[in-house]
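Quick look at what TrEMBL annotates:
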DOMAIN    3-215  domain 'Cytidylate kinase'
BINDING   G7, P8, A9, G10, A11, G12, K13, S14, T15  ATP binding site
Amino acid sequence: MNIAIDGPAGAGKSTVAQLVAATLQYVYIDTGAMYRALAWAVLKSNTAIEDQESVVSLLQQAKIELKRTEEGQRVCWDHEDITHQIRTQEVSNYASVVASYPAVRATMLTLQREMAQQGNVVMDGRDIGTHVLPEAEVKVFLTASIEERAARRFGDLVAKGEHPDITELQKEIAERDKRDRERETAPLKQAENAILLDTTGMPLDEVVSKILALCK
């Protein structure tokens, strides 16, 4: 059985997906981390973000790996562990831009489907249930208010020693929602047969329990 978890930025997809996968002893595939890895590489190499051809070339020449360890999933770009480097707000903003490029999504689509071939995976992202794994047996669309999503992101960044502005975070999330929903290729939207789960004010364990109940 494959499980697809989609939703906008800050909806808690990755955290929830990891816990669901751990409970079921499934493989967790974080597609957002793959786009973040590319965004990190674009920044590191000083590649112009608007140069789609160069961005795609950078992706096609590299190797992205999602490794399972006792400490959790590790993200590697050409064998370099960049797990922590990809969790900055700058990388997040760049990831939304590169994810809007059709050629980038086509390349990622192939990689993601290859990763899911063995089955028993939990994959989260923006277009998993609609595009990457349309035949997934369980599909969930997680959402939450912009205020709550910004508050979660604020807490994550403060924990890392950063000093974000909550109003600016709300603005960035709203802009990212707009980009994700309006992009030409595989826009963010709820699959017709996905269960909508609004997590505003909902404890994490309750969210996980609701998804596990769908898997029985």
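Sequential numbering from 1, following the chain as shown.
Each Cβ is built from the backbone N, Cα and C atoms, and glycine gets one as well.
Note that the structure is a prediction, hence the values are computed from the model and not measured.
Listed in chain order, the extra residues whose Cβ falls within 8 Å of the Cβ center of the ATP site residues G7, P8, A9, G10, A11, G12, K13, S14, T15 are V16, D124, L142, A144, R149. In the three-state DSSP scheme, G7 (ATP binding site) is classed as coil. In sequence order, L142, T143, A144, R149, T199 are the residues of the chain that are 6 or more apart from A11 (ATP binding site) and have a CB within less than 8 Å of its CB. K13 (ATP binding site) has a Cβ environment of 26 other Cβ atoms inside 10 Å.
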